[in-house]
Amino acid sequence: MEDRSGFWQVLQQLAPGTALREGLESILLARTGSLIVVGDSPEVLALVDGGFRLDCEFTPTRLYELAKMDGAIILTRDAQRILYANAMLVPDPSIPTSETGTRHRTAERVARQTGELVISISQRRDLITLYKGPMKYILRDFAVVLTKANQALQTLEKYKLVRDQAVARLSALELDDMVSALDVALVVQRTEMLLRIGKEIERYIVELGTEGRLVAMQLEELLAGVAAEGLLIIRDYASTDDPQHAAALRQQMAEWTYEELQDLAAVARLLGAGALDSPLGARGYRMLRRIPRLPAAVIENLVARFGRLQRVLAASLEELDDVEGIGEVRARAIQEGLRRMRMQFALERQL
């Protein structure tokens, strides 16, 4: 499939536990084969020749029984009603197709010509193939998808450990004012890789339907706070700390290929940094967010006032107290929070 993201809504409609999936599985088990169009646009209806109009409520049993006839079945786009059965579809024969069987060739041409979802169930190969526009996708067995989802979760867990270690190292370097562009690029790159693995698992969850709840819970736990922290790191080091600019950089990186993402120098350039060994200073958004009960508005005021995390670390109680939204109690809490973090990372480094 060229673009899986375009199939998300389709996969939700066909997920295990849905009425449409139940009907498709029944046809597959019976080995009758079928051609089903999920869409009643004028473009689809113009291709219908013969058959008979039903316009009845959809049920898995009705779909299964109607599939015993040779012709195509036409459903409404929401798959709530069966419009036609035993129909012949006559798409433009000049539309190119890579398929060999008559049913699959017709399905691909109808999908390309109308842009609607067309489902072809093979009589011999036990396969359900989806076509939508130029895209093709073979619907996988539940057990296969679940196995792949669990494997991806294991990969995600291992990669998160590596990424968390890089983040901890960056935190220690920020407090000691020893950060290089390489340190930042490595964390930004690993965060993006982690989010990409998460996107892949989300696709599996969609395919699993109601059976994917456990996988979804594990994914949510593993990725909790990762995306938000990643944006804060970008705001800490990008040429400008505007949140929209950080989001735009994240989106730009999301469009890179895997090979492009491996180039740490390119990641550093995206952030506006120079050579990988060039020193950088954090603005402090991420580290200040770790201080308990410190509102986001106060963090914005701190960065606007001091500009760099090191200046916040060096600030006196009086200087902190002068910042809008910070009184003496909060100023002490900021100093104490930063002191504890410095001790924590120093201890972790010794271990």
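Here, residue 1 is simply the first one shown, and the rest follow in order.
Any Cβ shown, glycine's included, is placed from N, Cα and C.
Quick caveat, the model's predicted, so the values are computed rather than measured.
Annotated features, as they stand in Swiss-Prot:
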- 4-142: domain 'DAC' (DOMAIN)
- Gly71, Leu89, Thr102, Arg103, His104, Arg105, Thr106: ATP binding site (BINDING)
Worksheet item: So around the ATP site, Gly71, Leu89, Thr102, Arg103, His104, Arg105, Thr106 aside, which residues have their CB within 8 A of the centroid of those CB atoms?
Response: Leu35, Ala72, Gly101, Ala107, Ser120
Discussion item. Within the domain 'DAC' (4-142), count helix residues (DSSP H, G, I), strand residues (E, B) and coil residues, in that order.
Written reply: 47 helix, 41 strand, 51 coil
Item to complete: Tell me the Cβ contacts of Arg105 (ATP binding site) under 8 Å, same chain only and six or more apart in sequence, or just say none.
Response: Thr97, Glu99
Practice prompt. Could you list the residues of the same chain, at least six apart in sequence, whose Cβ is under 8 A from the Cβ of His104 (ATP binding site)?
Written response: Thr97, Ser120, Ser122, Thr129
Practice prompt. Have a look at the binding-site residues (Thr102, Thr106) and report the one with the fewest Cβ neighbours inside 10 Å.
Written response: Thr102
Discussion item. For a quick check of packing: other C-beta atoms within 10 Å of the C-beta of Leu89 (ATP binding site), how many?
Written reply: 24
